[in-house]
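S.K.: Summarising the annotation, Swiss-Prot assigns substrate binding site to Gly78, Asp79, Val80, Ile81, Arg100. Annotation source Swiss-Prot lists divalent metal cation binding site at Asp101.
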Amino acid sequence: MTVTPRPTADLVDEIGPDVRSCDLQLRQYGGRTDFAGPITTVRCFQDNALLKSVLSEPGDGGVLVIDGDGSVHTALVGDVIAELGRSNGWSGLIINGAVRDASTLRTLDIGIKALGTNPRKSTKTGEGIRDEAVEFGGVVFTPGDIAYSDDDGIVVIAAG
């Protein structure tokens, strides 16, 4: 399902005080700064095998929300995994964790927001949970809801 990005500030003005807006000050790393789409979730801690598997599937314009428990000890996404997501049609990644290969990520046509960078690789044991609600930044990210992201922040709208 393709969702057209909209300015998050406009969405906040339309929705009002009950808006689901992420409080975390995530930084832009991808080459696409405005992105939107249905949410798929992964919860993992310093291990990126599951999220790599998810990004290997057709994204259909979706947004993968990755809850890495706020760890910046290892990077969950680098250039290879980001390119995998881009080539499979994912609109963007929202990462409560770190990325690496930041200079290359900026050249890829995929949205990527994360807490920061660390060149250290994560483990690849496959531990983690997929397609369950995750919460960070004061927002519950529920699979199927719609995420909108731009330079101002992230807003989540209930599906339907």
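Here, residue 1 is simply the first one shown, and the rest follow in order.
From the backbone N, Cα and C atoms, a Cβ is placed for every residue, glycine too.
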S.K.: What Cα-Cα separation, expressed in whole Å, is found between Gly78 (substrate binding site) and Asp101 (divalent metal cation binding site)?
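M.R.: Checking the Cα atoms of Gly78 (substrate binding site) and Asp101 (divalent metal cation binding site) gives a distance of 5 Å.
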S.K.: Which state, by DSSP, holds Val80 (substrate binding site): helix, strand or coil?
M.R.: helix
S.K.: Take the Cβ of Asp101 (divalent metal cation binding site) and count every other Cβ within 10 Å, whichever protein chain it belongs to.
M.R.: 20
S.K.: Which residue, of the binding-site residues Val80, Arg100, has its CB surrounded by the fewest other CB atoms within 10 A?
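M.R.: Comparing Cβ neighbour counts within 10 Å for the binding-site residues Val80, Arg100 gives Val80.
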S.K.: Have a look at the binding-site residues (Gly78, Asp79, Ile81) and report the one with the fewest Cβ neighbours inside 10 Å.
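M.R.: Asp79, out of the binding-site residues Gly78, Asp79, Ile81, has the fewest neighbouring Cβ atoms within 10 Å.
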S.K.: Neighbours of the substrate site Gly78, Asp79, Val80, Ile81, Arg100: Cβ within 8 Å of the Cβ centroid, same chain, sequence order.
M.R.: Ala75, Val77, Ala82, Glu83, Val99, Asp101, Thr104, Leu105
S.K.: Going by C-alpha distance, which of the binding-site residues Asp79, Val80, Ile81 is nearest to Asp101 (divalent metal cation binding site)?
M.R.: Asp79
S.K.: What is the biggest Cα to Cα gap, in Å, among Gly78, Asp79, Val80, Ile81, Arg100, the residues listed as binding substrate?
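M.R.: Max Cα-Cα spread across the substrate binders: 10 Å.
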